[in-house]
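Worksheet: one structure, shown below.
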Amino acid sequence: MIIRLPSKRCSFLIGLVLLMTTAVLFIFYSLNIVKNEIQDPEFPEPPSSLPMGVYSKVGVVSNGGPCSQIGVDVMARGGNAIDAAIATLLCDGAVCPQQMGIGGGFIMSIYNATTKKVTSINARETAPAAANTYMFVNDPIKSMHGGLAVAIPGALKGYSTIYNLYGGGVRWETLFDPTIKLCEEGITVSGHLDTSLKFDEELIHNDTMLRNIFIDENSGYLKTAGDTYKLPKLAETLKIIAIEGVKAIYNGSLTSKLIHDLRKVNGIITNKDLADYKVEIEESFSVNLTSGHTIHMGPPPGSGIILAYILRILDGILPAPDVGLAEHRLVEAFKFGYGERSHLGDHQFVNVSQIYNKVNSDSYIKSIRDKILDNFTSLDPRYYGGDFYTPEDHGTANIVVTDSMGNTVVCTSTVNTFFGSGFMSPSTGIILNNQMNDFSTPGVTNFYGIPSSPANYIKPGKRPMSSMCPTIFTDTNGDFVLGAGAAGGSKITLTTAYMAAHKLWYNNTLKEVLDKPRIYHQLVPMEIRYEYRTTKNVVQKLKDIGHPVTRMNYTQGSAASAISRSPTGMIEAMSDFRRPGNTSGY
């Protein structure tokens, strides 16, 4: 039997048919994907199902579980907003351990209804005495995980400081009782904690303490939403702190144990570092808007001044007359704001007077506003003043508390990335931060060739730059009208600006404000990231102007929380459906 091989012509035809078939299938498949992909909506979508709290005397917004009710209960027993905030934060640290806790730090704004002044509290983590500018040049991953990534935690010292200065309506130890009970009896895994565990599964498996808490001992798999976890070692630590005070951690019975744990994972924090840690207390910087509202925020390394810069630029050009123009103007203001942010650092180490001068200068703000054209955008970061770049910060959780006297607290807390350094101290049950990752490192450039910011280089005792900007807004009489903050790393400042703009200039309810689809632009990367539900005509307008755009899902964005008080005294309190927390009050 003779087998004839195909001729060259026949082989060519067969190959051509196969190629054409493949091409047709590819085109069909591609078109089918486009056809089936969820398109941007033509019209605004219905609001979320998350309700807004409306109260007459007190209100609390927290990040989940029973935490907001714990804060309300403190005020019902005679505590003020500061006492309630401490109890709420302690609870959040147990319910949202991936985001914040006493192993991290916070920035807080406190409105005093009697003096009508706002005070800034900076209990952000600081670099240890043994830290140096070049410590992560050869091994950047060490700034993320392990003991070297841990900066000196400040949260607990901050709680004690504000309690002694402004609280005290209830006994210190009673602020700890509800969270101790939760840690001992069990806490339900929330949807966001579920997502965080999946995202950082390897990190959980690599730490014995985290593994024992968040891995189901029977199945060997991660615990999921609805499951229960306990924090017995943290409960023991909180009991000691409730009795001994914060010196137990900073210069007392638990100090050496914590330092010993850190040294075992190559940490460089010492007993002296903890003993020397100081909380910064300053009168907030204030900026007036033409609407009669005043913004009150703390100094760098927080980003409150960048929020003020953005809102000053937008003051007078919002609302906009045409569809998509408001979003374009917001984005351009965001870009100019983040260009300025690249020059900032801890104001105790870096001269930041220039940004304050710019924010207060009507002529300078006008010169920036004049650069915002309704038919133009630049794709060069340097056009917006982005001469340096600062690493993205991460994580965080925000609470807002207001009491019957009108005193209000807005506090943003963090351990930086999910579960911080990925290390839970075996002796104390505290999850330690990885805040050293928020500093800049010499010799590193980003995709655009922009060098890292010298203003944010590591120095002993220095705090890294942060997007956190817990902010208070008052009216022409100096009365509180809005307290706002957000979680979500580098998008925090943008989200807070977005919230403030829609509340102050569009007079929306807080539910309308927080339910709105958001757009983000951090200058780098040079693209708008917008949430689904942004209408098609808005997206198209942004594209027509020249903006690169990418749609994102809600989990990639920022979660906000806010409380407002109307002239009649009614309180609106709202958390964010993107990461549902809860509100309580009466």
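Even glycines carry a Cβ here, placed using N, Cα and C.
Binding site for L-glutamate per TrEMBL: ARG124, THR414, VAL415, ASN416, ASP438, SER466, SER467, plus GLY489 from the candidate set GLY146, GLY147, GLY489. DSSP assigns ASP438 (L-glutamate binding site) to a helix in the three-state reduction.
GLY489 (L-glutamate binding site) falls within a helical segment according to DSSP. Around SER467 (L-glutamate binding site), taking its Cβ as the centre, 32 other Cβ atoms fall within 10 Å, counting all chains. Of all Cβ atoms in the shown protein chains, 32 besides its own fall within 10 Å of the Cβ of ARG124 (L-glutamate binding site). When other Cβ atoms within 10 Å of the Cβ of THR396 (active site, nucleophile) are tallied across all protein chains shown, the result is 28.
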